[in-house]
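For 1-355, the entry in TrEMBL reads domain 'Glycosyl transferase 48'. TrEMBL lists 103-125, 155-173, 185-205, 277-296, 351-368, 380-401, 413-437, 444-464, 484-506 with the feature transmembrane segment.
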Amino acid sequence: VRFHYGHPDIFDRIFHITRGGISKASKIINLNENISAGRIKFNSAWGFITHHEYIQVGKGRDVGMNQISLFETKLANGNGEQTLSRDVYHLGHRFDFYRMLSFYFTTVGFYFSSMLAVLTVYVFLYGRMYLVLSGIEKEILREPSIQQSKALEEALVTQSVFQFGLLIMLPMVMEIDLEKGFRIALSDFIIMQLQLVSVFFMFQLGTKAHYYGRTILHGGSKYQATGRGFIVFHAKFTDNYRLYSRSHFVKGLELFILLIVYEVYGQSYHTSYLDQFITFSMWFLVASWLFAPFVFNPSGFDWPKIVDDWTDWKMWMGNRGGIGVPPSKSWESWWKEEHEHLKYTSIRGRVIEIILAFRFFVYQYGIVYHLHIAHYSKSLLVYGISWSVMVTALLVLMMVPAGRRRPDAKFQILFRILKVLLFLGFMLVMIFLFVLHRLTVSDLFAAILAFTPTGWALLLVGHACRPLLKKIGFWDSLVELARAYDYIMGLIVFLPIIILSWIPVVSEFQTRMLFHQAFSRDLQIPMILAGRKEKTT
């Protein structure tokens, strides 16, 4: 069997039969050396492999943010497959403790630890949100014995210092210190932070955790073409959204809503700055997941390119999918490809996906009882009324996009009349609630925080129950709901980029940060000359 680069050419057939059999050649599996041959190349080759190493050098490669993320995706998928393999299972049962540690931290352990780090953030924030919305944290902090004791705060402050990642950075600083001296090590560390290395690291942490966890849950790793091309070019917003929507943007917005809920409903009784100090690293994680692709994108804040990106984004969202339409040209084609792993997953994967989606129902259940219009009632009737509002909003949200696709002229006239009536009805209901039931503006924002995650949970459950929804005819409505959510997420992510692109110094700072001095100067000179020509004209 011919493989990539240094992989063996002759495989032991009996060994592979005992590891799951020999299948026919596949353009996906047999091309990806990270999955098929990376973990068994040493003990599955026929004969002996000798390797004479004379000098060790580093391999450099011209890559951009997207190429690095695709490469990390491929490695995370491969490690997910390795975790599920028989080889890792047998080695784990037969190694002694010290060999097990070495094996763990040099193979799948790094990716498993990355996934645990991200899951820890989720558990921490959902636990704090439960304490805030249920009122338990308020009662605990108002206890006189807790208010007089400062031991807990001092312990948490010490923990939050290490939470910034100082322990992870320490080995790198010590290594440079041993090789070049402490002054150079400290200066290199400061320069790295100014070049936003921490932002890049946090972003790639999300890449590893997402794809490693998804492969363990559903399987289906596939080859990722990372490319070897020249990378000093501007990646469009559509390309970045396709690559990072489900792996980073969705999770970043989820953590953002969690932090907002915690800050809003807990600020009335938080008397110290300890909470801001503890959650600082999580705010940093959210900012990294949402905006790192644009910070490391050449000319990411250049106004003419932002305008082109917006035009391309609208065309991509509006184009119809179909046979032969690639994901780069249509949102529908991308959406089907992005959720293709749920099409072939097992029953266990579907059930776990549904269970994980239930976490989004916590927002609505906790927030609706804090609305002023609920008059602080704890009755289940409040929760039932909130669900009736949610179902009505979803029906309208799915009906309006579906009606636009009917080409009949008479139907379009009736449909426009229906939209006007819906708008007038919505305004009358709002006026009635504001005047008679003490609805406030803060209640409207709280309702958005409550109902938006619920709609996303219904989307996730619908993805997992795809065969059932296709039978009963609700699949097209689910697709329209998913399109509306992607529109909203795209606008939320794109709006800060538009605002920053209005500030010229932001684009100049990004150019100096991404490229060395000579290259950035060559990029700035044509802009200055172009400005002079315009003034002269």
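Every residue gets a Cβ built from N, Cα and C, even glycine.
Ranked by the number of CB pairs under 8 Å to the transmembrane segment (277-296), the listed stretches 103-125, 351-368, 413-437 are led by 103-125. Segment contact holds for the transmembrane segment (444-464) and the transmembrane segment (351-368), given three or more CB pairs below 8 angstroms at sequence separation of 6 or more. Note on the domain 'Glycosyl transferase 48' (1-355): mean pLDDT across this stretch is 78.
Sequence-remote contacts of a segment are chain residues at least 6 beyond its ends whose Cβ falls under 8 Å from one of its Cβ atoms, and for the transmembrane segment (380-401) they are 364-365, 368-369, 374, 419, 422, 447, 450-451, 454-455, 458, 477-478, 480-481, 483-484. A Cβ distance under 8 Å defines the sequence-distant neighbours of the transmembrane segment (103-125), meaning residues of its chain 6+ beyond its ends; these are 39, 75-76, 79-80, 82-83, 88, 91-92, 95, 205-206, 208-209, 212-213, 251, 255, 258-259, 262, 282, 285.
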